[in-house]
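The structure under discussion appears below in the form of structure tokens.
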Amino acid sequence: MESTVAETYKDRVTLAITGASGAQYGLRLLECLVAANCQVLVMISRAAQVVIATETDETLPGAAKEQEVWLTARFSAAAGQVRVFGREQWMAPVASGSGAPSKMVVCPCSTSTLSSIANGASNNLIERAADVALKERRQLILVPREAPYSEIHLEHMLKLTRMGTVVIPASPGFYNRPESVEDMIDFVVARILNQLQIEQNLMPRWGEDSLS
Ligand SMILES: Cc1cc2nc3c(=O)[nH]c(=O)nc-3n(C[C@H](O)[C@H](O)[C@H](O)COP(=O)(O)O)c2cc1C
């Protein structure tokens, strides 16, 4: 008898990567979720594809099915562990409360997508998936990056925070004495994984001396 998704994977997470700077955060988060044996339902906005091409040496294909093959190979995921959905793939599980995972992260989150989520736009699959998370009162984590923030950005973050969304700014700390860009990326990704309650060994929690 074939095993179900729930039996195969420890958890299911929706991950949207949008066009704010910091594509590395989203890609590293995906890598960690795969390593933690989660199934990840991924959406990558068109702007995010431009940012990935600008900020990394990775050449992500344009179409969702090809991205799925590419990301599966890139992160040594099992077949079906990473599923990628396109901008208007309305029949995807994330488009409905009955099919969507209980956890969703938008990382990084552009101010454009932040605005659309705060206003319930649902004009593409990322916005719809976030709207589903909000209406179902499920976990939604946003990782915005902009500098400085306008009053509009802050209002959107406040509105969503009041609805239970967790906003984790892409702003690494320095008290752990990062020695590389990777250390700084892991600082933020560790916080996201902690919020998701997915075990991580990137950073000790405060008050823990080392990872054991
Ligand atoms: C290289 C690059 C860096 C960008 N950095 C940011 C950023 O840090 N924050 C942001 O909100 N938008 C940033 N943008 C602009 C967004 O990509 C743009 O607003 C886009 O419409 C967002 O679309 P999306 O939300 O569908 O991904 C950047 C764009 C590019 C090409």
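Even glycines carry a Cβ here, placed using N, Cα and C.
Here TrEMBL has G19, A20, S21, S110, T111, S112, T113, R145 binding FMN, and the candidate from S3, S45, S96 in that same listed site is S45. For R191 (dimethylallyl phosphate binding site), applying a Cβ distance below 8 Å and a minimum sequence separation of six or more within one chain yields I168.
Y175 (dimethylallyl phosphate binding site) and G19 (FMN binding site) are 28 Å apart (CA-CA, integer value). It is 27 Å from the Cα atom of S110 (FMN binding site) to that of Y175 (dimethylallyl phosphate binding site).
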